[in-house]
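Engineer: Pulled from TrEMBL, these are the listed features:
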ACT_SITE  ASP104  active site
ACT_SITE  ASP308  active site
DOMAIN    86-422  domain 'Peptidase A1'
SIGNAL    1-23  signal peptide
Amino acid sequence: MHNPLFLVLTAIFSSLVLRPVIGAKGFSVELIHRDSPISPFYNASLTSSQILRKNALHSMDRLKLFQSLIDQSAIQSAVTPNGGIYLMHLSFGTPPVEYMAVADTGSDLIWIQCVPCPQSQCYPQGSPPFDPQASSTYKMIPCGSDSCQALPRYQCSNDVNDCQYSYSYGDKSFTRGILSTDTITFDDSNGQKTAFPTSIFGCGHNNLGKFRSPSAGLVGLGGGPLSLVSQISTQIDHRFSYCLVPLSASSSSKLLFGQEAIISRPGAVSTPLVSKTPQTYYYLSLEGVSIGDKTAQAGSNQGNIIIDSGTTLTYLESSFYSSLETIVNDAIGADPVQSPSESFSLCYGSETNINVPEMVFHFSGADLRLQPVNTFANFDDNLVCMLIAPTPSDTPLSIFGNLAQINLQVEYDLEKRTVSFVPTDCTNQ
């Protein structure tokens, strides 16, 4: 169950956000993987193997940050800004000004760079920062408000009754500024515009670290009260979903809200969301993983794994992983070879023509079948490596990463507190 403060804040934010005009089916926006061919970050000189290795290194960093923040009862956000995996477009203000931002299920606060933004205190983003004075609907949030007090860290100025936020990230990056409200507008992938007046966001005037142009900020999609999905929850029927395309695809992934997010095709399986601290993260219960008639059992399974779109690999607690690796080796029947990097624990020579087995992840009430594209990858040095790795011995956390979610529609029902999966050709979604 959510704590009383969360329920009160969610009700307050729902009343603040005026009901926008949303089509009967809801709306959807494009999600662009940072390293896809259609991304502004795309580096054509990198091979697919080099891209995967780079993302795998970011994954381990993110895993460690998640664990440290859980251990510390978090006053930081867990995302590594330089490792933001997915990007989205959205507009701020009236008239609307469009920006690109990192979309992250492991964070809550929405923020963008704002004027004044001196060069010594802000990173170059490739376009002018948002100018609050140019928007007729911009307002600062009072320091004594409930939304200000929902921040992990804030302070009040002596002369102006504004709410000054300070968000630190695990890699020492930070954003500081004024908590504000304004209209946030999305361009639907079908060409329609959907506007949410008086949305709460951080207007950042001091933002330094590993943030990178052309991203102007971050959109938190986590479970906390300041996240986008929590703020607009009643307008989107308390549900959103995404469908992630393979990294090599020349089309974008989709982030869907409201009725459009509902899984309508047969074959869906659903598992409960487990409420834990920090409430930012989406916790599921994984009971085991099987191949054929052999199953690796999780040591504990109540809320033992975080589902996260910002982590590339899937990580299992070390003893759980060891059991899985044993049955994978038995199923493949070939001798493992040296991994190309410390990010991958189990690799085989591709010249042996191994037959990658189907894995079934047994979530509570949901048996999810994963295809080879979700669990193994070919490398350009004649290797095939498993996309599941063990956590360090001092890190009991497990994460269900984005490669495991490719070509699945993943629906979050925040009212029923469930996550549902169904196999989908996301390139044609």
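In case you wondered, yes, glycine gets a Cβ from its N, Cα and C as well.
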Engineer: What is the number of other Cβ atoms found within 10 Å of the Cβ of ASP104 (active site)?
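Structural biologist: For ASP104 (active site), the 10 Å Cβ neighbour count is 28.
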Engineer: Specify the count of other C-beta atoms within 10 Å of the C-beta of ASP308 (active site).
Structural biologist: 27
Engineer: Considering every residue in the domain 'Peptidase A1' (86-422), what is the mean pLDDT value?
Structural biologist: 91
Engineer: At the Cα level, what's the spacing in Å between ASP104 (active site) and ASP308 (active site), rounded?
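Structural biologist: Cα of ASP104 (active site) to Cα of ASP308 (active site) measures 8 Å after rounding.
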